[in-house]
């Protein structure tokens, strides 16, 4: 085991300043143990009790003072004191008001007198609301309203709330709120009309609720919408106010504004956005800030702003936090031996700092009997070489303007037989010495020292010092002794010490403090900031022995000390935290050297908060619209005076903002102002446009605030009819638009505008021409016709309309057209209408319509349009587009039905754009750069097959449809990965699978049985009618012909009656994979390159003329199975 090398004090004896609970068998002065509150409210109908209990030996005698004078309880028939107690019972059968007074209890015995607090007795009175007749409140919708409550005062102060229609009105609405008992409406609405607005007051002492007479509110409405209004303050009023709150009391800050729309409330503190931390709460739509227990950190300037789309106002509330006196160190009772020294400490604090007064048995110490061994120094009373004459009860009074504290502490000088209560708590008025451990004699050596108060100090303690020590106390009356066991532990060490840091506000900080200590000794970790313990919260926490501070702020800056305590020793390590933050605002702005276009601005820089700063100067040049600040210039951080270049004749007000890498400081206080004059800027972009057929809107761009040059800017608008001899007419407006009514349709006017403020008129703008409103055109364009008709475009011609029928400015001619039908009767078309505008070009206007669909029938008409309306439609005309090339074939399919063949299928193009005459198909393998074959296929064939060279070759196919005009768009696709080894293996292995062999055997057996049944039936002589027809070959494609040329043969037989053509069969069953469907039983074979071998019977007919009335013979997939079998 290691040793604790630092000195160890064995605190074995009680020191004089320590408090003791003296047994009552020991004679002692009185001590107050129970008393009533300083503010004591009682009900005069009941017995009024004022408590006062005390202890002492001998038992105390009680007396009372009332209003500072002796109160003879025995002579008062309505009052009495309880036996062996100072508790006062007042019955007050008559005139209870006479007992409203200040009371103080005194407990005395032969050793001194103890005094209670001064108790103010107040009578509870039943609340009575005055009977009054309240006139109905009639108010227009949109206006603010305040209904006052004025409840009875108490005591205690009542709680108020409002009700209407037997329902409690909620505070949490954006337009309704109540504080201090009054009901506030930011703006009343029609729904706020009621006949029973009642204020209710609850008195907590008796839990009594009283109701005021109801108020009738009638809201008047109009047919117009609510008039919008800028925010105004209902509570508090004005631009600033102040609140004084005592530490620990509830702080409520409320801002209620009127306006339409209901204003939105926002808060700042000391120029920064308000940071809401627990226990602070923002309630009631930001109207109220609630702090349950105010602290000195809550002091500052709170600004609430009310904003709606009409305006903005601000109110500053200065919060000052004061404090009634509170204890830092309360005086404790002293039990001393004769000739011993002692002192009483009465340390308190408050704002303002309390005044300390000392009393002896209720008498001011200044007028008490002087004692040479007694000395008062501020908050400490010192007694030297005490005697029995120093016995007594000493009172300490700490008071300021917000309250007082009163404490009693007695001094008891005793000569008594020694008694050890505790080895660590021994009375210090006896001779004390120690025996060594195990009673081996007195302690000797330089390492052992016994102090005058009996404390044993062992320096440089060792392992061999561990053991039992005997403490002996004695005086002339006797002796006492006690033992103590000393164990030597490993010293406590701080392994990792906290490091000083310099961080940015808002970051997280971690102070490391790793500890090594004896495993049998528990240690506690305490962090101190300066001399005060760190208060843990959601933001400041401990991670084992490490301190973690999240989101640091300026208040976190300081020296942090990690204090490691065990029962034997204490170690500490410190580090400094520096928080870099936005700089402090500059102060003392001064203007000098003023000229027409410049001024010198000087200031005193604020604290940089550990980060270099630069500066920014802002100006406000509109004292009639205060608070609209704009940036003027930047300056280096080492300057505190700059020359500013300004616009002449302008109101200026400056403020300075310091900037560092963290952010901007709060703005400085504004400087003084300059005077300005009339505007010197012309409003730009003046124009006149009609918005209706008989009016004209005159508009312009506004002047910037810097260009106003004075308050109350307005605009003077001038107009007159062009080319007329009439005088100029004018009007003044503060808006950016002005309307002229009763004007002729589309009439030119001469316009000009100039700015005006309180100092005069600005320069006039140049004259511009504007036009009044347009009306609907009267006539339609005539002689609509087309020429140069192509498959996708056509040229349109028409005759122009006359200018006087347009009723405005000619904007365009607009052609409306739609596809009425296709020349292919069976094709469905989309008849959606489209339009295209053509600006006026010449006396013979024309235009080209593009994007038409070939081989279609179209209709169109034309209208003329001005800037506002379109005129009547012209007559409809019809035209047809010629054939074009078709679109790409649809539904392109690539399939592999056999291992050595690929089948390609497609549908007709969605837009044939004419009569399809055939298809062109080309393909190539994946290894060749050019196409192998280019085949021409008849229009009715929609399927193609290719004999593959091997199983691993991929093909790329391209197919396009043809009309008489040419080949259309190609559709290209590549065959899927049918050719991999795995796929081929899967295809080959299927014939070896057990389930497949079983199915084939079952099918063969069923066919054999059927054949036997037929044979037996035939052999018996029965007739079995069989329709003769040519068998359809299901054999694979013949691979003898490797060239792939087309070979058309006449089929051996004609198409069966009612059997559709191959094209129709494909349309009716796209999913049929059999190639034999392209004839009634005719065999169609494909060579390797995909060419057809077959015959077509009958006359070739257009697919649109086919008769679909007959049935289709659809081949079953089982045919393939039969062929394989």
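Don't overthink the numbers, they just go from 1 along the chain as shown.
In case you wondered, yes, glycine gets a Cβ from its N, Cα and C as well.
Here TrEMBL flags 1035-1055 as compositional bias 'Basic and acidic residues'.
Look at TrEMBL and you will find 30-121 (among others) tagged as domain 'Ig-like'.
What TrEMBL lists as domain 'Ig-like' is 130-216 (among others).
Residue counts for the domain 'Ig-like' (231-320) under DSSP (helix as H, G, I; strand as E, B; rest coil) come to 3 helix, 53 strand, 34 coil. Annotation source TrEMBL lists domain 'Ig-like' at 231-320 (among others).
Sequence annotations record features per position, and here TrEMBL assigns domain 'Ig-like' to 325-412 (among others).
The domain 'Ig-like' annotation in TrEMBL covers 491-574 (among others). Confidence over the domain 'Ig-like' (491-574), given as mean pLDDT on the 0 to 100 scale, stands at 87.
Taken from TrEMBL, the feature domain 'Fibronectin type-III' covers 585-680 (among others).
Look at TrEMBL and you will find 682-775 (among others) tagged as domain 'Fibronectin type-III'.
Look at TrEMBL and you will find 780-884 (among others) tagged as domain 'Fibronectin type-III'.
Taken through DSSP, the domain 'Fibronectin type-III' (888-982) splits into 2 helix, 48 strand, 45 coil. Annotated domain 'Fibronectin type-III' per TrEMBL: 888-982 (among others), in sequence order.
Under the heading region 'Disordered', TrEMBL lists 1035-1065.
According to TrEMBL, the signal peptide annotation covers 1-19.
Annotation source TrEMBL lists transmembrane segment at 995-1016.
Comparison of 130-216, 231-320, 325-412, 780-884, 888-982 by number of C-beta pairs under 8 angstroms to the domain 'Ig-like' (491-574) places 231-320 first. Counting residue by residue with DSSP, the domain 'Fibronectin type-III' (682-775) contains 3 helix, 40 strand, 51 coil. Break the domain 'Ig-like' (30-121) down by DSSP state and the numbers are 7 helix, 49 strand, 36 coil.
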